[in-house]
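These features come from Swiss-Prot:
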- 44: active site (ACT_SITE)
- 47, 86, 518, 555: ATP binding site (BINDING)
- 88, 556: Mg(2+) 1 binding site (BINDING)
- 112, 265: Mg(2+) 2 binding site (BINDING)
- 455-474: region 'Disordered' (REGION)
């Protein structure tokens, strides 16, 4: 019998891991126990290849109430409010079944947040697909977007932002990362723990079926060979968002009692994962009878009950004698529930089948899988790509056409085709929705602290401050960011850039970054080059989080994003949370009024590595990721926040994909009036013109200021030693004009002016708007 036919390999274990199981138990595991170890020691559940590296991330900070290890991280906003948030992937299921994979990804991240005792108030998403000119990729995009919209809209949680990229590296593995934000009281955090021998273990939510069995161990913990997608269709669960809504309301009401000891979402690996993790955290055991689990299918085996990933289910540890209260609340909301077991004091997960013991395993053994330290090797491609000679690339003859092509790229253009399928105004708390630098919600618009938890509050009402009096309206800004091309070219720096840009996107709205969650999407960690990339990315993430003061509160690692041996670009997505102390100072990117002065903060270098311009116009992905000075990044962000809150800035926008010319165009596109345009000039040195226009140098922010305030702004920038240039003015003619100034012959103070771009803003709007619809609506 070959190893692939051995029982352990059929559940995803290696022979060495199987031998360790035998050593732990002191005997051969029976089939049910083997299934239990198979899922709990899978990469998806155990993080066995990533755990050692993740320990290097900074996880402590003045705002952090709950760091990694729980269903979601929690940060304090003030004495009355905290935010729970989490970012997680549903990549493999979404490639197999785009609609259901994406929908259940939203459902899972919502449960992760409301399990903590928080009411979900916003979601974001980070999506990756192959090129849109391929029918398969358009099919994936349609299915994923429809699934996200169906689930989120039905539950009634607004989608306030996100990002999407299209690149050849995601052709065989799309990425679907979902983020959720919830509001709770700082003293009302609920955790996934079982405690108190004799306390009841209850399952709350939908009945259990066979859907999703082994999805964690065999779908999300292995790479595709190209044929698995069709064969694995039955492993993707189907979600019910209305049931999720009822489950959420029931759980939030349960939290207003003191009957709940602990609660855990039954997500990946289902009942066995939630029960063993709760027991291990509490240092106790649990005894479960699978025949007491409400089932929707006949003849289910014990291991099927344990591994089912049927959606919309929770496992709850309830104080002994309080079961009837839980049942009454569940009945009120039309949610099923049943007592299926009890907490024990022996540290064992004991599984019964109608009273007969069918499995008995130490809870800690299931929860503490082997930790590996894979071999590392720097990829050979890096040296070749970094040696690329940029002088080989000709500069465009038509700068107007080049700008329009970039604005029409699906990686830069408007995402309205996507986010218009999502409800971003439900709950009446959205201040800035999708399409800007970051999403922003108003605290107090939908929920506020009550005597026992969270209660409804009319839109627009302020929240009490520390003094108990109404203060300035507060908000939460959030963004998700990662440029996989940067990480491909320089994993350490590219990941640091992802953290910096996620923070910068919040800062330009006026919000101060406080913490991150992450979703690390990589290929097969057993390949030394892939693991080297992952390890470098974690180093870059740690360095950036330390420099910017944004600790990591949790996240997710998704390995094995490969098909036929071809891995995705490494994509460590960052979800950033920032606090807006005064929404009256909220800043948006669009030009506001004629005569405002346009300034560029930060320095532009001759950098084209990883840029959208190089890839789209020249078909080149080469060079190095843009340079990043984290100390300067922190200073820049602090100064911009100060300028915004002192009322010195009328608009602010991060310079990112597409570079300076695209960022300026985006400010014109988002202008308060369609008649607004701009007249700007850039100074040329010895570098390339395209590098000045479309290079993606980091730590740059565009701002506008009134003529009355621009002097104060310039003085602040000079005192804080922030380099800046006055580029020009907002105009009233509805045109976008960009000229280059080059040193003339003779005097150093004489400049030769060359008009590079002169276009109606309406043309920019049209190109930007049609970037995705021209493919999807063709």
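Numbers here mean position along the shown chain, with the first residue as 1.
The backbone N, Cα and C atoms fix where each Cβ goes, and this holds for glycine too.
One way to see the shell of the ATP site is to take the Cβ centroid of 47, 86, 518, 555; the remaining same-chain residues with a Cβ within 8 Å of it are 68, 87, 88, 517, 519, 520, 552, 554, 556, 557. Measuring Cα to Cα from residue 47 (ATP binding site), the binding-site residues that fall within 10 Å are 556, out of 88, 112, 265, 556. Taking the C-alpha positions, the distance from residue 518 (ATP binding site) to residue 44 (active site) comes to 15 Å. The residue listed as 'active site' falls within a helical segment according to DSSP. Checking each of the recorded positions (44, 265, 555) against residue 88 (Mg(2+) 1 binding site), the C-alpha distance stays within 10 Å for 555.
Here is what falls inside 10 Å of the CA of residue 556 (Mg(2+) 1 binding site) among the recorded positions 44, 86, 112, 265: 44, 86. In this structure the C-alpha atoms belonging to the residue listed as 'active site' and residue 555 (ATP binding site) are separated by 12 Å. According to DSSP, residue 265 (Mg(2+) 2 binding site) is assigned to a strand segment. Cβ-based crowding with a 10 Å cutoff singles out 86 as the top-ranked of the recorded positions 44, 86. In the three-state DSSP scheme, residue 86 (ATP binding site) is classed as strand. Of all Cα pairs drawn from 47, 86, 518, 555, which the record names as binding ATP, the longest spans 17 Å.
Between the C-alpha atoms of residue 265 (Mg(2+) 2 binding site) and residue 86 (ATP binding site), the distance comes to 13 Å. Listed in sequence order, 68, 86, 87, 88, 516, 517, 518, 519, 520, 575 are the same-chain residues six or more apart from residue 555 (ATP binding site) with CB atoms under 8 A from its CB. For the binding-site residues shown (88, 112), fewest C-beta neighbours within 10 angstroms: 88. DSSP assigns residue 556 (Mg(2+) 1 binding site) to a strand segment in the three-state reduction.
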